[in-house]
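Step one of this worksheet: look at the structure below.
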Amino acid sequence: MSTAETAPLPPTRALLFLLARLLTFGALVAMFTMSPALLLAMGLPYGSPGGPQLAKIHPASFLALGAVVCFLMARRPVPTIARLWHDHPGLMVYVVAIAVLMFQAVVVQHKPVTPLIDTFLTSALTFVALTSTTERDRRLMMVAVHVFFTVNSGIAYLEQVTSFRLLPTYLGNELVTFEWRSTALLGHPLVNAAQTGLYLVLLSGPAGRVFDPRLRILLVLFQLGAMTCFGGRTATILSIGVLLLRLGSGALVGLGGARTARTTASAAAAIATVAVLAGVVLVEHGALDRFLGRFQNDAGSAATRVAMLHVFDRITPEAFVLAPDPADIAAAQRRLDITTAIESFVVAFPAYYGLLVSGLFFVGLALFLAEIVRLVGRPAVIPLAFLMAVNAGANGISTKTLDLSLAFASVYLTTLPLRRREGGAADETASPPESPALAVTVAPAPAPLRPTGAPATGWREAVARRRLEVAPLG
């Protein structure tokens, strides 16, 4: 047991800490519910050409930045940052790598910096904010994440049944009317597929053990059915692969350990019932046919992934290593008919920022992911590997997105019960920040000396009785 305790903060710092907690909640809500499509519907030119640069930064980024600043001001900023270097070196190297990437984009290539802020810097801010808030807040956020994905997938089913779209899909400023895939709360079908697939992987792993075995399997099937509504082929195939591996190892049959035949039979009956009902609904409304049709006719998606490998054909070796001219890359994309995006962040980064800077950034990103694994434990390995595999086959984090922030929040919060079981029950009334960098410690008060010869227990009572014995009578 630690000999240090969290010191009460002065009123001003306590107010800052409360504000930081509220901003953390706000950032989490904004990143999960305020999609680019919603911001565009609200009149903000977030993902469209034109408009002020501040409008190109997601509200969640501002809220996360405000939360981190308030957390730092509630403590001592300089020692706190020094402790962050000591306690989370992978995070700090990642921040340095982001700074190098921003310098390359803004100073060398004269590109806007806002995509890098939302895609990468916000994920680092989210890391600090979520690890710095209280245990009680994290438990509430964990429940909110589970509720969000259940509601989000429910909306996806509803959109397939009714052909209504909660958030219309835009390409630039143009409304897309031919899109059959569900948009739900996250706004874009492929973002939904990636994040729902990640949650599905989490739910089928140790993080799902918080649920009753039968409820857990029902939730897994519910999310798996929603994947067909979002139409993400790579995410669906990878998530099914993870499910099959875990099903083969018995990881989905309950919370671990031997299970009775009755429980197994009940779970099997529930699986069959839900699978049949979901299959009937999806087939009846054509969602399953449309999803399978994406494998038969991919509208040139596979050809695009082959063509992107030729984007460097007319780039000089020096430019390839240091920094290709954005105009040359844009011309190559037009020539290869891949003007929308380069469908792999592994290829896109050297094309946009050069091999040297991209390599340095990939090291920082890898250390950040390793830091998450160090913080969360082994349950984070497969979900993060899933996320990177999905992004390797899509533009993903090579464009402006909150995917990394969403993924960290999902992984960190849903695995919270696992860390509590490993580290012991948390204090219900005053839970200190999980990050040691943001904790204030005070030395415990020294225990009074025990008189020589007094028993190890009850010596205070013995001293009191002795005083009564020798006290003068009135």
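Cβ atoms are placed via backbone N, Cα and C, with glycine included.
All annotation found in TrEMBL is predicted automatically rather than curated by experts.
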TrEMBL tags one of 315-334, 375-394 as transmembrane segment - which one?
375-394
Annotated transmembrane segment segment (source TrEMBL; candidates 13-34, 57-78):
57-78
What stretch of 57-78, 90-107, 113-133 shows the most Cβ pairs under 8 Å to the transmembrane segment (344-369)?
90-107
What stretch, picked from 90-107, 113-133, 217-245, 375-394, has the most CB pairs under 8 A with the transmembrane segment (57-78)?
113-133
State, in range form, which of 90-107, 217-245, 375-394 has the highest count of Cβ pairs under 8 Å to the transmembrane segment (113-133).
90-107
